[in-house]
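Asks: TrEMBL feature annotations, pasted as is:
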| type | residues | note |
| --- | --- | --- |
| DOMAIN | 4-121 | domain 'Ribose-phosphate pyrophosphokinase N-terminal' |
| BINDING | Asp37, Gly38, Glu39, Arg96, Gln97 | ATP binding site |
| BINDING | His131, Asp170 | Mg(2+) binding site |
| ACT_SITE | Lys194 | active site |
| BINDING | Arg196, Asp220, Asp224, Thr225, Gly226, Gly227, Thr228 | D-ribose 5-phosphate binding site |
Amino acid sequence: MPDMKLFAGNAIPELAQRIANRLYTSLGDAAVSRFSDGEVSVQINENVRGGDIFIIQSTCAPTNDNLMELVVMVDALRRASAGRITAVIPYFGYARQDRRVRSARVPITAKVVADFLSSVGVDRVLTVDLHAEQIQGFFDVPVDNVFGSPILLEDMMQQNLENPIVVSPDIGGVVRARAVAKLLNDTDMAIIDKRRPRANVSQVMHIIGDVTGRDCILVDDMIDTGGTLCKAAEALKERGAKRVFAYATHPIFSGNAVENIKHSVLDEVIVCDTIPLSPEIRALKNVRTLTLSGMLAEAIRRISNEESISAMFEH
């Protein structure tokens, strides 16, 4: 069996190191830096010939820089005769443009990135909670889309929730919320119907379901500016909710996220470590991070050993 080797770019060094620790190994020796003009410079400083290589790199902000680091690392490893290259992308950027809406003259950036990665020699992709599952079909190589929900669910069960209800922040998240509600002892579910006048701005309209006196669990795949969740929490509290918790896999936290969350009525925001948190976000007392290192380490081990990934999520 080829030797398994882990490499990492500069996007998520802490998560990459945690994954390596879980696998009782060290990160490969690679110098990933910049030339004086800002271009990505990569040099692999160890033998990878015939190796089973995993590159750990989220394509989060700065998105273009991190994507180029990943692409250039793949090319460097491919030219160094790596046997198989798996791109481990905990947060897959450019995923929110996955279709043309009403024939608008816009790109499908998720497809562009998929083609980009395939063209440089990626053999497999491992990612977490894709914004749209159909993105898997954009690739010409196998894609393992694992779920952060088991980690989030484990935390929910330790919250001492009183009369909990799972809330979807919008109609599009109903399937996700229903799945969480089923796993959380088949608890009740509510839906927030909203209108979005422009990108990253949402207006809460009304709540479908009774949340009076209950602990509400808002679930989503990502938090961007936080505007949606903060307004949702406010609407829930106005309707009599006792406490409001927000759970999301990807903590993008862009724009006014710090101020939005700081001044919100959210009791706690729980996210995963697919994207590094800024010092300003870390300083917020109501934001907490869970690590996906154990789950990703197990997925990497299974891929390397040609074992089933889906078996990890069978109940």
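Any Cβ shown, glycine's included, is placed from N, Cα and C.
Unlike curated entries, TrEMBL annotations are predicted automatically.
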Asks: Using Asp170 (Mg(2+) binding site) as the reference point, find which of the recorded positions Gly38, Arg96, Lys194, Asp220, Gly226 has the shortest Cα-to-Cα distance to it.
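Replies: If we rank Gly38, Arg96, Lys194, Asp220, Gly226 by Cα distance to Asp170 (Mg(2+) binding site), first place goes to Lys194.
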Asks: Quick one: DSSP breakdown of the domain 'Ribose-phosphate pyrophosphokinase N-terminal' (4-121) into helix, strand and coil?
Replies: 42 helix, 29 strand, 47 coil
Asks: Using all protein chains in view, find how many other C-beta atoms are within 10 Å of the C-beta of Thr225 (D-ribose 5-phosphate binding site).
Replies: 21
Asks: To the nearest Å, how far is the Cα of His131 (Mg(2+) binding site) from the Cα of Thr225 (D-ribose 5-phosphate binding site)?
Replies: 16
Asks: Translate the DSSP assignment of Gly226 (D-ribose 5-phosphate binding site) into the three-state scheme.
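Replies: Reduced to three states, the DSSP call for Gly226 (D-ribose 5-phosphate binding site) is coil.
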Asks: Quick one: average pLDDT across the domain 'Ribose-phosphate pyrophosphokinase N-terminal' (4-121), no decimals.
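Replies: It averages 96.
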Asks: Between Gly38 (ATP binding site) and Gly226 (D-ribose 5-phosphate binding site), how far is it from one CA atom to the other, in Å?
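Replies: Between the Cα atoms of Gly38 (ATP binding site) and Gly226 (D-ribose 5-phosphate binding site), the distance comes to 31 Å.
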Asks: Compute the C-alpha separation of Lys194 (active site) from Glu39 (ATP binding site), stating it in Å without decimals.
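Replies: Computed Cα spacing between Lys194 (active site) and Glu39 (ATP binding site) is 42 Å.
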Asks: Under DSSP, is the residue listed as 'active site' part of a helix or a strand, or is it coil?
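Replies: Where the residue listed as 'active site' sits, the three-state DSSP reduction gives strand.
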Asks: Per 10 Å Cβ neighbour count, which of the binding-site residues Gly38, Gly226, Gly227 ranks highest?
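Replies: Top count of Cβ atoms within 10 Å goes to Gly226.
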Asks: Can you tell me which of the binding-site residues Asp37, Glu39, Arg96, Gln97 is spatially closest to Asp220 (D-ribose 5-phosphate binding site)? Compare CA atoms only.
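Replies: Going through Asp37, Glu39, Arg96, Gln97 one by one, the closest to Asp220 (D-ribose 5-phosphate binding site) is Arg96.
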Asks: Got a sec? Which of these binding-site residues, Asp37, Glu39, Asp170, Asp220, Asp224, has the most Cβ atoms within 10 Å?
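Replies: By the 10 Å Cβ neighbour count, Asp220 comes out on top.
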Asks: Within the chain of Arg96 (ATP binding site), which residues six or more apart in sequence place their C-beta under 8 angstroms from its C-beta?
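Replies: The answer is Thr109, Ala110, His131.
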